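J.: Here it is, the structure in full.
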Amino acid sequence: MVGDVAETERRPLKDPVDLFHSGQVVKICAPMVRYSKLAFRSLVRRYECDLCYTPMIVAADFVRSAKARDSEFTTNNEDHPLIVQFAAKEAQVLCDAAQIVCPFADGIDLNCGCPQRWAMAEGYGASLINKPELVRDMVRHVRNQIDNPRFSISIKIRIHEDLKRTVDLCRKAEASGVSWITVHGRNVEERHQPVHYDAIKNIKQSMSIPVVANGDIKTLKDAENVHHLTGADGVMVARGLLANPAMFAGYEETPLKCIQDWVSIALEHGTPFTCFHHHLMYMMERITSKQEKKVFNVLSSTSSVLDYLNDHYGV
């Protein structure tokens, strides 16, 4: 599960909440299935990302199975501050999962925003925005059972059609001790429709804890605009960082140095080929021609990818 456990346990963990009091907008890498794993988190941290989330982990599987723990959660001493995101629907299961990661992470996040059908059918993700009492109980339970007061508990939500319901949910969560709330400014049905930044602004104005804005942030300029539009304390980015992991450092497109960094980090971490290659496909999307994509996207081994990068980019 974790490299060098003894070291990790001795290291004083950071309080991620402190980031929100720095006077700067907190720049956050979103939880992304398959993608926001240790190697990618290591890459974005080199380019001014302040806080990283793991991909969503189903808490019940994580608690039940050592195999799930080993495959779903890896970290190291540099991987901080780190938030582990869980899908859960029972307070004690979420607590048990939080207890397991507590020595190695800086906080957990309860996923109340995933709109995928399987997650909602299981009672996870965005189905929880309709169960504010359950969310409140889960947060309260974790607060009561984790001894470390610096361990954060956040939630990530989508909005309701009727924003009053969302504000009510957020207030209940705040009263139960949630550290901050991330708001994806779309409802459960919306996928590519414009993000409701006005809704995020409204929620921010109703809360006294930090609020993070999420949705359609592709560049550092977008991040600054969203901050001004909403007053949010942080911005969380998913696809924008996949396309350009150096985005938070102000690069308009992925610099070659960042591609070079990804190659060395991925090789060092033993990243599986498919994941290694997919990240490069995203990163090179804007800097390669259609013809080059045709060739690059069908490469099928690490050595052929390395040869291609060397021949075409001197990487």
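Even glycines carry a Cβ here, placed using N, Cα and C.
Quick paste of what TrEMBL says about this protein:
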type	residues	note
ACT_SITE	Cys114	active site, proton donor
BINDING	Pro31, Met32, Val33, Gln85, His184, Ala238, Arg239	FMN binding site
DOMAIN	29-293	domain 'DUS-like FMN-binding'
J.: Please name the residue among the binding-site residues Pro31, Val33 whose C-beta has the most neighbouring C-beta atoms within 10 angstroms.
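T.: Counting every other Cβ within 10 Å of each candidate, the maximum falls on Pro31.
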J.: Taking the Cα atoms as reference points, how far is Arg239 (FMN binding site) from Cys114 (active site, proton donor) in Å?
T.: 15
J.: Between the Cα atoms of Ala238 (FMN binding site) and Cys114 (active site, proton donor), find the distance and write it as a whole number of Å.
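T.: With distance taken Cα to Cα, Cys114 (active site, proton donor) is 13 Å from Ala238 (FMN binding site).
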J.: Whose Cβ, among the binding-site residues His184, Arg239, has more other Cβ atoms within 10 Å than any of the rest?
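T.: In terms of Cβ crowding, the pick is His184.
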J.: Which residue, out of the recorded positions Met32, Cys114, shows the minimum number of other Cβ atoms inside 10 Å of its Cβ in this structure?
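T.: Comparing Cβ neighbour counts within 10 Å for the recorded positions Met32, Cys114 gives Met32.
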J.: Compute the C-alpha separation of Gln85 (FMN binding site) from Cys114 (active site, proton donor), stating it in Å without decimals.
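T.: That comes out at 11 Å between the alpha carbons.
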J.: Please find, for Pro31, Met32, Val33, Gln85, His184, Ala238, Arg239 as listed binding FMN, the greatest distance between any two Cα atoms, in Å.
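T.: Greatest Cα separation within the listed binding residues comes to 17 Å.
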J.: Measure from the CA atom of the residue listed as 'active site, proton donor' to the CA atom of Pro31 (FMN binding site) and give the result in Å, rounded to a whole number.
T.: 10
J.: So what's the average pLDDT for the domain 'DUS-like FMN-binding' (29-293)?
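T.: Value for the domain 'DUS-like FMN-binding' (29-293), mean pLDDT as a whole number: 97.
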J.: Where Met32 (FMN binding site) and Cys114 (active site, proton donor) are concerned, what is their Cα separation in Å, rounded?
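T.: Answer for this pair: 11 Å between alpha carbons.
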J.: Val33 (FMN binding site) to Cys114 (active site, proton donor): how many Å between their Cα atoms?
T.: 11
J.: Can you tell me how far the Cα of His184 (FMN binding site) sits from the Cα of the residue listed as 'active site, proton donor', in Å?
T.: 10
J.: Looking at the binding-site residues Gln85, Ala238, which one has the fewest other Cβ atoms within 10 Å of its own Cβ?
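T.: Minimum Cβ neighbour count within 10 Å, taken over the binding-site residues Gln85, Ala238, occurs at Ala238.
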